[in-house]
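> Have a look at this one before I ask anything.
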Amino acid sequence: MSYTPMSDLGQQGLFDITRTLLQQPDLASLSEALSQLVKRSALADSAGIVLWQAQSQRAQYYATRENGRPVEYEDETVLAHGPVRRILSRPDALHCNFHEFTETWPQLAASGLYPEFGHYCLLPLAAEGRIFGGCEFIRQEDRPWSEKEYDRLHTFTQIVGVVAEQIQNRVNNNVDYDLLCRERDNFRILVAITNAVLSRLDIDELVSEVAKEIHHYFNIDAISIVLRSHRKNKLNIYSTHYLDEHHPAHEQSEVDEAGTLTERVFKSKEMLLINLNERDPLAPYERMLFDTWGNQIQTLCLLPLMSGKTMLGVLKLAQCEEKVFTTANLKLLRQIAERVAIAVDNALAYQEIHRLKERLVDENLALTEQLNNVDSEFGEIIGRSEAMYNVLKQVEMVAQSDSTVLILGETGTGKELIARAIHNLSGRSGRRMVKMNCAAMPAGLLESDLFGHERGAFTGASAQRIGRFELADKSSLFLDEVGDMPLELQPKLLRVLQEQEFERLGSNKLIQTDVRLIAATNRDLKKMVADREFRNDLYYRLNVFPIQLPPLRERPEDIPLLVKAFTFKIARRMGRNIDSIPAETLRTLSSMEWPGNVRELENVVERAVLLTRGNVLQLSLPDITAVTPDTSPVATESAKEGEDEYQLIIRVLKETNGVVAGPKGAAQRLGLKRTTLLSRMKRLGIDKDALA
């Protein structure tokens, strides 16, 4: 049959019909408006729209009966295999009476969707050459439509096809928009909860944070994390109940695993969603929910916490409103459980690391105690000279306080031994002294090593690292070569000394620390302050109690003791049997300048032990000169005729106005090191201040 436009209505009539149908917001309204139009036009008593969903193979039906009753129905069986299926394969007008309809589609006729009628017509709904349903018209009298009436019905159908497609597109767009909004909101929730829980390394804090976030976003009032106990067949339960919105109740308990719903989830490793009744067989701690909410039916959702293939525990959610656990919410809760599992895994790992750390600390304390019992008060410090006696008296004086100590002295004078003695005599001796050489580490890594860093704080920071100040909490921190600390790092050290707090790199969280600082340097900090190479405020903080270590040349009476101690220690280490040291060897060694101090002396003795054959230490002069620089007074400023060393130094000091160091100082003019010149001045009884 060929169809032509409905010309007898005229353009205005066609426009009015189109406008009326286009104004309908949805398919049900469109069906109702269509029924009114065809009824007013005396074309039919009612009309309906049948849409075909190709993807789901379902049919949707919208109609308004003669009595005005709206009908909406959808299925994939009876309706989907009715007249709409025929029109999809044969896109021609389908018309029949009720008897023919009943014989062809008996199940549909018996469904009650179609009360008895006289005549039925279904015309295809098409858009862009694609049939997506049909538009049906029903007459109560058994009278077929004339050709002119079919023409009008077809015009109605064409308009309905355009409008129905627009409505479907609008609905689909709204659905897509709602879906995108829901996915966006879910993503925000997931990110917020992930950020909140992943930073928690304490199980109690983690559970509290998980509960707070889930309660906030899902209005769930009972949240628990259930973990297996180290005791067999036991469960540790960390629970939070929001009986009071502002004061949630936190509980921790250990229960038997047998017979619990949690046991079922541990075995199946699958989510469990269940409605509980008070009459159900429940574990005692599960029955507590009814004490909380009365005899209402409780809906429980138990989500497995998986780390790879390992089951860590169960996230247990309970609420007396079943609608909380919708399909969309369950999908999001599963994703949240995955993030919570990562946080639980991190927290358990942190617990284990903390336990091992505590054990190591205990073992270290025991070893420290043993070492303290073996060594004397001053450990390896050897010396009976007045200079060393004064140093050790200062050590005893300052050890019991928490004051910062600055140990000054040339390289090799034993600054670390003095620092260790101060620590061992202090109230902090129960913990290991932490030490660090500021000159032995690149400036870029020094801050991280001192204060620690968070994961991702800089390129290569793949894990959190604890700095020396944290390690030295309740103990002592020995900073050797503090004069080599970069200028830009000095304010941060000053802050720790003043406030006893600091921040790790990449973190804004303040960490409190209780550290006793012992610093050491072989540099002239006063001069560095004057040259703007060292902060004066940090210098004053460090210089609370300075201890000046004498160089070895200023305590020659200690050299024989040191030689003997080094000889026997090194010989024992090398498996040698040396029990005698010639007096001449001791006198020779005692007369040397030793610019490298005790360390240089120890190296010389070690070489002598290595070359000795027999049980008497053998040390020849070539051996000494090979390792000890010539310290004879070869000076840039030569002595005048009849002028001895004393007179030469006096004259040069007067010419330099008593200045010893620096490019215009006496040491430079004499070709000597500053320390060497000072040593000779002390030996000769020269006071530079009296000459200036």
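FYI, residue positions are counted from 1 along the chain as it appears here.
Yeah, the Cβs are placed from backbone N, Cα and C, and that goes for glycine too.
Under the heading DNA-binding region, Swiss-Prot lists 663-682. According to Swiss-Prot, the feature ATP binding site maps to 409-416, 472-481. If you look up Swiss-Prot, you'll see 202-344 marked as domain 'GAF'. Taken from Swiss-Prot, the feature domain 'Sigma-54 factor interaction' applies to 381-610, supported by sequence analysis.
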> In terms of DSSP three-state secondary structure, what is the assignment for LEU479 (ATP binding site)?
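SS state of LEU479 (ATP binding site) = strand.
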> For the binding-site residues listed here (LYS415, ASP473), which one has the lowest count of neighbouring CB atoms within 10 Å of its own CB?
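It is ASP473 that, of the binding-site residues LYS415, ASP473, has the fewest other Cβ atoms within 10 Å.
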> So, by DSSP, how many helix, strand and coil residues make up the DNA-binding region (663-682)?
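So the DNA-binding region (663-682) is made up of 14 helix, 0 strand, 6 coil.
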> Measuring CB to CB from LEU479 (ATP binding site), give everything in the same chain under 8 Å that is also at least six residues away in sequence.
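In sequence order, LYS435, MET436, CYS438, MET485, LEU517, ILE518, ALA519, ALA520 meet the Cβ cut-off.
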> Would you count the other CB atoms within 10 A of the CB of SER476 (ATP binding site), including those on all shown protein chains?
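Other Cβ atoms found within 10 Å: 24.
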> On the three-state reduction of DSSP, what should I expect for LYS415 (ATP binding site)?
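DSSP assigns LYS415 (ATP binding site) to helix.
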> For the domain 'GAF' (202-344), how many residues does DSSP put in helix, in strand and in coil?
55 helix, 48 strand, 40 coil
> Taking the Cβ of GLY412 (ATP binding site) as the reference point, list residues of the same chain whose Cβ is under 8 angstroms away and which are at least six residues distant in sequence.
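Looking at Cβ-Cβ distances below 8 Å from GLY412 (ATP binding site), excluding near sequence neighbours, one finds LEU552, GLY596, ASN597, VAL598, ARG599, GLU600.
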